[in-house]
Amino acid sequence: MAGPPLAVGLIGYPVEHSLSPAFQQAAFDALGIPARYELWPTPPESLDERFRALRAPGVLGANVTVPHKRAAFARVDHVAERAQRAGAVNTVVNRGGTLYGDNTDVPGFLAPLRERGVPLAELVVVVLGAGGAARGILVALGEAGCRQVVVANRTPERARELAAAFGAVASSLDHRLASHLARAGLLVNATSVGWDGVSLPLDAALLEALPATALVYDLTYHDTPFLQAARRRGLETIDGLGMLVHQGAESFRLWIGQEPPLAVMWQAALAARRAREKPAH
């Protein structure tokens with residue numbers, strides 16, 4: 001008789017908005033793996049208890065999202081080099097009660113750019129934000145060998161700290177950013193501004209400073225006012241769904257040791273997003 005399914009889930013607070021269960025479960029089902037991907041909403045005061053539970057037999061591990069990526073880094077036994085550089089963990093693997101932490105946001109962020117053949121090594125890249133997501137992106141851009149990276153944040157001191165840690169240039173989010181945007185081949189929104197479908201992470205007028213060939217990338221995995229404003233300017237855009245699926249596929253590979261069924265994951269993620277975007281009747 002078959003035992004209970006293997007457990008894996010998403011640790012964050014909140015997590016109800018996530019598309020991860022839809023495409024991760026589709027991947028397990030497609031390969032006939034008896035695992036259940038669950039949502040594990042975890043307030044900060046319950047994080048230690050949640051990580052103790054990850055060590056139990058039958059638990060594959062977890063994904064970790066906002067606001068726990070930095071805290072997860074301190075709660076695993078071993079940390080992969082890219083997670084070490086980012087100072088953040090988004091994937092935990094349980095191997096016999098020992099927890100291994102990795103950061104699959106790094107390859108996840110790069111995958112959609114590489115699929116489009118974006119010549120990152122030749123580009124100046126401007127990153128909006130200085131939080132955990134921005135740290136992972138700066139690791140990825142460092143791996144790609146970008147010509148220059150500029151970090152812009154509403155709090156200039158945070159931009160300066162992050163830029164110093166990664167050998168980047170710091171900027172404020174005001175008119176002084178325009179000179180950097182004028183040289184940029186890629187603009188990345190690594191803030192959560194835009195999730196509400198209303199806000200912009202910077203003054204839309206600043207988009208006018210970008211070259212016509214620039215690419216605009218928002219880590220949010222639905223269409224945002226930022227992406228809409230960029231398209232009105234005639235710029236090519238990328239939303240965050242590709243990054244989400246690719247980071248999830250890399251997590252799957254780490255948990256299972258098999259190649260993930262990427263096409264299945266994409267199909268499930270797109271279907272889940274469409275269902276989420278349907279207006280209520």
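A Cβ is built for glycine as well, from the same backbone N, Cα and C atoms used for every other residue.
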Among Gly58, Gly108, Gly240, Gly242 - the residue TrEMBL places in the same NADP(+) site as Glu81, Gly129, Ala130, Gly131, Gly132, Ala133, Asn153, Arg154, Thr155, Pro156, Glu157, Arg158, Leu219: Gly240
Which of Gln228, Gln247, Gln258 belongs with Ser18, Leu19, Ser20, Thr65, Asn90, Asp105, Tyr221 in the shikimate site listed by TrEMBL: Gln247
Among the shikimate-binding set Ser18, Leu19, Ser20, Thr65, Asn90, Asp105, Tyr221, Gln247, as the record gives it, the longest Cα-Cα distance in Å: 17
Spatial separation of Ala130 (NADP(+) binding site) from Ser18 (shikimate binding site) - C-alpha basis, Å: 22
Cβ-based neighbourhood (8 Å from the centroid) of the shikimate site, residues Ser18, Leu19, Ser20, Thr65, Asn90, Asp105, Tyr221, Gln247 excluded: Leu10, Asn63, Leu244, Gly248
Averaged pLDDT, computed only over the residues in the domain 'Shikimate dehydrogenase substrate binding N-terminal' (10-92): 97
